[in-house]
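What follows is a single structure, written as structure tokens, with notes after it.
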Amino acid sequence: MMRQRTIQIEELSCPSYINRIENALPKLDGVSEVIVKYHLDEVEVIYEESLIHFNEIEGVIRDLGFKISPRLILLEQKTIKGMHLA
């Protein structure tokens, strides 16, 4: 089942950080789409939950040197039924 989650990142202070996240996450099996919302300090991820756990996605973000906001790790969670992303 496809899931959509938005992760709040602390201090996404440089536009060049967008490339680091947008390049790393799509390489993970199961990640279909990544949208970095620099002005909101958010990363939106669409992924196939049968192929990857959300904790793995968070781990990659942390490994890149970013802090996930402890006050609001999960802003949005959606189940996307019948959606097939190319």
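Yeah, the Cβs are placed from backbone N, Cα and C, and that goes for glycine too.
Automatic prediction, not curation, is the source of TrEMBL annotations.
Copied from TrEMBL, the annotated features are:
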type: DOMAIN; residues: 3-69; note: domain 'HMA'
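Here the domain 'HMA' (3-69) has, by DSSP, the following mix of helix, strand and coil residues: 25 helix, 24 strand, 18 coil.
Taken together, the residues of the domain 'HMA' (3-69) have an average pLDDT of 92.
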